[in-house]
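TrEMBL has this to say about the protein:
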ACT_SITE  B:Tyr152  active site, proton acceptor
BINDING   B:Thr38, B:Asn87, B:Tyr152, B:Ala153, B:Ala154, B:Ala155, B:Lys156, B:Ile185  NADP(+) binding site
DOMAIN    B:7-188  domain 'Ketoreductase'
Amino acid sequence: MSDVAERVKKIVVEHLGVDADKVVESANFIDDLGADSLDTVELVMAFEEEFGVEIPDDQAETIVTVGDAVKFLEKASADK
Amino acid sequence: MFDLTGRSALVTGASGGLGGAIARALHAQGAVVALSGTRREALEALAAELGDRVHVTPCDLSDPAAVERLVPAAEAALGALDVLVNNAGVTRDNLFMRMKDAEWDTVLAINLTAAFRLSRAALKGMMKRRFGRIINITSIVGVTGNPGQGNYAAAKAGMIGMSKALAAEVASRGITVNCIAPGFIASPMTDALSDKQREQILASVPMGRLGSGADIGAAAAWLASPEAAYVTGQTLHVNGGMAMI
């Protein structure tokens with residue numbers, strides 16, 4: 001697992017209070033991890049802080065699974 | 001009770017009588033306050049009166065770009081923003097049939113849209129800290145209506161609906177959103193009334209007097225305090241019994 005994926009996983013576990021083994025790439029924040037829509041906004045804020053990037057609203061809407069977040073943040077970190 | 005030590009607050013319209021009174025009340029309870037308004041001299045004068053724990057952050061709320069800058073500026077000055085008081089407001093009274101689009105637009109922009117934008121900006125920090133108080137100063141007119149104030153009544157009623165929707169969204173994060181609806185409050189505007197006009201107004205107020213800024217400030221201090229943590233989505237009417245809702 002990449003460094004980005006590890007950091008994403010840690011944030012998701014902390015914020016949603018879910019078991020780490022449930023935080024897999026295909027896990028949907030809302031359907032699989034029990035997040036509500038406000039939780040997803042908070043996750044995006046936490047990702048922004050952790051990775052020092054800005055995630056515009058239209059991009060944030062496309063991040064619905066753990067894998068989406070990892071992919072976006074790997075790219076954003078590489079572009080920095 | 002109602003101790004605000006260690007809390008920071010931004011009050012818009014603080015160069016006016018009501019906003020100044022609200023800022024004084026929050027400050028008296030121990031809060032650090034940022035004073036916003038269009039008239040810098042009036043803000044500086046109030047800041048000088050309050051002494052320490054005060055910052056001046058002028059803003060013209062009719063300018064959307066300036067509105068977007070206000071919360072970041074206040075957060076920079078205060079360190080964090082715990083309490084946002086959307087108090088600034090303007091009137092452009094006219095009979096409905098004569099009301100110009102510009103009169104409508106100005107009142108909606110400053111009284112309602114600016115409150116929306118400032119609240120949206122303030123929420124980010126409040127969500128992170130799991131604490132926030134948004135206090136919107138509406139008006140009795142937003143609930144009862146008033147001839148000649150179609151625009152103002154719409155904006156103030158809009159504020160109440162907006163507050164309820166937002167209150168429901170963020171309650172789980174320790175953020176409360178409430179309105180205060182003043183009735184007739186003594187101000188330079190009411191000072192200019194004739195004795196006869198004043199009598200007519202007072203006849204409709206069971207308490208038999210106009211409200212003071214301090215009456216509204218006290219309500220704001222309570223809503224901002226830890227003691228009001230379980231109160232959200234409400235409109236607190238402070239009107240001497242003029243309308244009992």
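Glycine too: its Cβ is placed from the backbone N, Cα and C atoms.
Here the features listed in TrEMBL are painted onto the structure.
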| residue | record | DSSP (3 states) |
| --- | --- | --- |
| B:Thr38 | NADP(+) binding site | coil |
| B:Asn87 | NADP(+) binding site | coil |
| B:Tyr152 | active site, proton acceptor | helix |
| B:Ile185 | NADP(+) binding site | strand |
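The local packing around B:Ala155 (NADP(+) binding site), expressed as other Cβ atoms within 10 Å of its Cβ over all shown chains, amounts to 27.
Summarised as a single figure, the pLDDT of the domain 'Ketoreductase' (B:7-188) averages 97. The Cβ of B:Ala153 (NADP(+) binding site) lies under 8 Å from the Cβ of B:Ser139, B:Val141, B:Gly142, B:Gly145, B:Asn146, each of which sits 6+ residues away along the same chain. Here the binding residues for NADP(+) are B:Thr38, B:Asn87, B:Tyr152, B:Ala153, B:Ala154, B:Ala155, B:Lys156, B:Ile185. Their largest Cα to Cα distance works out to 23 Å. Sequence-distant contacts of B:Tyr152 (active site, proton acceptor), defined as residues of its own chain at least six apart whose C-beta falls under 8 angstroms from its C-beta, comprise B:Gly89, B:Thr91, B:Arg92, B:Asp93, B:Val107, B:Asn111, B:Ser139, B:Val141, B:Gly142, B:Asn146. The Cβ of B:Thr38 has fewer other Cβ atoms within 10 Å than any other of the binding-site residues B:Thr38, B:Asn87.
If you count neighbouring Cβ atoms within 10 Å for each of the binding-site residues B:Ala154, B:Ile185, the highest count belongs to B:Ile185. The Cβ of B:Lys156 (NADP(+) binding site) has 27 other Cβ atoms within 10 Å, all protein chains considered.
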